[in-house]
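Student: Let me begin by handing over the structure; questions about it come next.
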Amino acid sequence: MTPKLSTTEIATLIILALASVAILAVPKFAGLSLQLDLSIIFVYAILALSMGFMWGQVGMLSFGQTVFFGIGGYSYAIFALNTGDTTTAMLLAILLPMLVAALLGYFIIYGGINDIYFAVITMVATIALEKAVRATSDPRIKIGDVRLQGQNGIAALPDLKVPWNPSETLFVTEVYYLIFIAMLLVTAAYALLLRARVGRVLVGIRENEQRIALLGYDPRRYKLLIFVISGGVAGLAGGLYAVWGNFVAPEMMNLNASASVVINVLVGGKASLLGPLVGTGIVQSLTSWLGSAGVGQVNVVLGLILIAAVQVFPQGVVPMVSAICRWGLGHLVRLAQPSRRASATGGKQ
Amino acid sequence: MKFSRRNFMKAASGALAYASAPSILATAGIAQEKPIVIGNILDQTGGLNIYSLQQIKTTAMAVDEINAAGGVVGRPLELVFYDSQSNNQLNAQYMTEALVRDEAVVVHGGVTSSAREVMRPIVSKFGGLYFYNSMYEGGVCDPRHVCPAMVPSQQLKPLVPHVVQNMGKRAYVLGADYLYPHTMGEWIKRYTEEAGGEVIQTEFFPLDVSNFASAITRIQAEKPDVVWSVLVGNAHNAFYRQYEATVGKDTIPLASCMFGIGREQTYLSADESAGIVNATSFHDGLETEAARVFLKNFRAYTGDESYVGDYGELGYRGVKLWALAAEKAGDPSADAVIEALPGTSFDAPGGKVTIDGQTNHAVMDIHLIRANREQGWDHLGTTEQLEPVDTQAVCSLGS
Amino acid sequence: MYDAIIFLYQILFSISLFILISTGLAVIFGMMKVINLAQGEFIMLGAYFALLGEVIGLPFILSVVLAMVGVGLFGVLVERLLIRFLYGRLTDTLLATWGLSLLMIGAVTTFLGPQVAGVSVETGRIAVGEVYSISVYNLYIILVAFAALASCWALWRYTTFGMIARAVMANPGMTSALGVDCHRYYMLTFGIGSAISGLAGAMLAPIVGTQPTMGGLYVAQAFVSVITGGELPFLGTLLAGGLFGTTNGVLSYAYSQVIGEIGVFLIAIVLLRFLPHGMTSQKGRS
């Protein structure tokens, strides 16, 4: 937690930079379908990050992060279809979920709800909203001119328009860049937040909420703040999802969707910001690859992988890989400079 | 229920099961030609797979038959299968993969309207051709979309008057809470009133409801002459059991436009299913030569003895219609086939099916059926060559 | 008069469904703090055991016993192979049991097929007045749900096994220092919780059928009941099941099924807001 960058942070930055170069180069040599596959992974990565940050850094397990994802997606869909203005629609996709997060967050955080109860109440929120949206199949139920269509969801959403030139819309490759850059910006914003004073208070809350309170900070204010921010980020992911596939549907908010956010974070590891991103990449690409690989029941394979993951890398993939790297690096350094052992292994936080 | 090892081997071998054997291509003399790729996106996994599994097999069987008979325009077909896992997001991804990466000239598949609506814009974007081999609420008007299955007016036109005449005038309608049953509910109301009856109540249930106790109580209080079920999916099957256990079809009979579509009659007891009437474009009890040959070939091809039903036959019908149009066009590319589709006609196992050029939907025979005590259907009659009038009312592609 | 009877019956039936699907989880989560996301699939497995019983020709009551034994043993196996490495790692149990849930759905679909199958029990119906009738089987469900909950409570409250098991869950270090083989108690507790879930599945099979994905219908409701129930798992499940069942029963009778379901979830949120540790929280303890 020093203002100087730690080795882990430097490593993260290097990995991110290398990955970014590779990812930005993808459209040069790969087809549209790969770009689409990667775009949706980035969308889920943003969602996973919004959940993983709260969980890993602050200790708040939001099992229903998809409630904001869904509200974001529907905000974009309804506003864009009604007005044709996709820029404002995207802003609403961030702001409305923040508003809902503020209300819900005030209700539960100031109510002193913690731990597993926090998880369950957020889960209940997402399921309740999903059920409510699914109950809007009656063709007479409309917001503006847009029929909500319940279970069926809303399809044929307008493509995102260039804000300063609304006659031009973004095609697959531009959407790919947009989503990727959004993911980078969100990651960077969370990293900066973590390094700011607020971030240190948040981590302090995770470590010992009572002590933070005794130091004169009101933990509830900080928790509400991060809940609202993460709600906005999840909403952004929802808006981008709507742009990606030109559809939204209640299944964005169901139990499966909310559980898979948690799974993505757990597989990657919640301790770092890289974890949710990597975890999402692994789980999502496995799911879509298995579906066309002819393995029969995809669930069997996915289930076995999850079970194995818990036993083999309980902290997630990222911490394990970085531990291996550090171990390897330590050996290399030791071979080169046998006398300076102690400092070479000192990279641990 | 059978615990069949053979079924398991089929399922476990996955995509391999859907490629034609090299020997078939060699015999037909087309092994050297460049294959034409056709995509099939269906739910092998997840809650929707009860509607998909037979269709996955019949699609493969149709491709095999076409290859054995010399392919299309002298080239073999290659079927690429994608398991959308009952997840619309995967439908979007696989549709793009099929059209862009795998260069499929046509993609068959999709079960739900939401899956179709997710895929249709992608088909337009990349100039492909899409066969939606599934019953739905009707009304899609899109030159790149073909639906060879029943739409509400076709199914209900012969069914509702039969119900009003033989079961009673006061109807109580229960439906699943999404677009299709809502539309069906409106058509049931309209045709019931035209036949001199009335719908006294319509009620919709989320797809995951499996406790119908309160609905059944309300039905008892209202005392209708007949109860309509437009209930869909696994959870809703519970209704038929609970209805028989509480009210009974001997007290108030049941009509349904969905019962049997997911092969419900094969896993309910004789008491629970016998007597329910429905209408369909194919059922296994059809006493025609075409139906018998189709079922015999299906059993030989898959080793599967279970009920095939409408959704099974639809996959077969879709591929055959496409192949006939492509042969007629002399060119399998999407735009050429779209040109050739209107008027293309196929003697399907369920009867003659012709593509209506005005809507890209189909003219077909509708069979009135009643569930019997042997997990099958009694054939009550056939109405020949019904037009998709509801979709024709809102769509004219040809002009 | 008959309206009132039917109304009461609806509410009672609704309550017993909540209790039936939650009691197994009350044991596994309430006692052991294992977040078993495969709870729904344990219920599904129970339903399939009941089906197996029917296929091999057992009378229904023996099929139910078969389901309890079968799922109970399966639970013991799961505990030995998977869960025992994860005690104290609350969220890892979540990931592992989610994996288990997917695996079970996939395996059952692969081996037994995706289609719904049914278990038929002919119990008849009884008329209530001129208009209404009630399925006798539903009355059995009410009976079995309350009996299952009561026996679990009695087992943990009054037997030596229950006393030691509670001690193990409260303080494993101390209890094992006293010479108790804690692993055995973990294993048995998990097994009993699983058996109760199996019982629930077997009882539900005749009214909802069996299907690989049926578990998804129950897991959220079960968790909400057990967690809003609070620290005393059995009393909590009774209270939560009573509240939610009544809410659901009244709202679905008066309005519609959807309103009934959403009502339950809203009540759960409000309840947790004012009783953040559930309905049976013991104030002052942290």
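Using N, Cα and C of the backbone, Cβ positions are placed for all residues, glycine too.
Remember, it's a predicted structure, so these values are computed and weren't measured experimentally.
Below are the features listed in TrEMBL for this protein:
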TRANSMEM  A:6-26  transmembrane segment
TRANSMEM  A:38-56  transmembrane segment
TRANSMEM  A:62-82  transmembrane segment
TRANSMEM  A:89-110  transmembrane segment
TRANSMEM  A:175-193  transmembrane segment
TRANSMEM  A:224-249  transmembrane segment
TRANSMEM  A:261-283  transmembrane segment
TRANSMEM  A:289-310  transmembrane segment
Student: Please figure out which one of A:6-26, A:38-56, A:224-249, A:261-283 racks up the most CB pairs under 8 Å against the transmembrane segment (A:89-110).
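Tutor: Looking only at A:6-26, A:38-56, A:224-249, A:261-283, the most contacts with the transmembrane segment (A:89-110) come from A:224-249.
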Student: With the transmembrane segment (A:261-283) as the reference, which stretch in A:6-26, A:38-56, A:62-82, A:224-249 has the largest tally of C-beta pairs below 8 Å?
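Tutor: By the under-8 Å Cβ criterion, the transmembrane segment (A:261-283) pairs most with A:38-56.
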Student: Go through the chain and flag residues at least 6 beyond the ends of the transmembrane segment (A:38-56) whose CB is under 8 A from any CB in it; none is fine as an answer.
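Tutor: For the transmembrane segment (A:38-56), the nonlocal Cβ contacts are 23, 26, 62, 65-66, 68-69, 172, 175-176, 179-180, 182-183, 186-187, 190, 226-227, 230-231, 233-234, 236-238, 240-241, 244-245, 260-262, 264-265, 268-273, 275-277, 279-281, 284-285.
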Student: Which listed range (A:6-26, A:175-193, A:224-249) shows the maximal number of Cβ pairs under 8 Å with respect to the transmembrane segment (A:62-82)?
Tutor: A:224-249
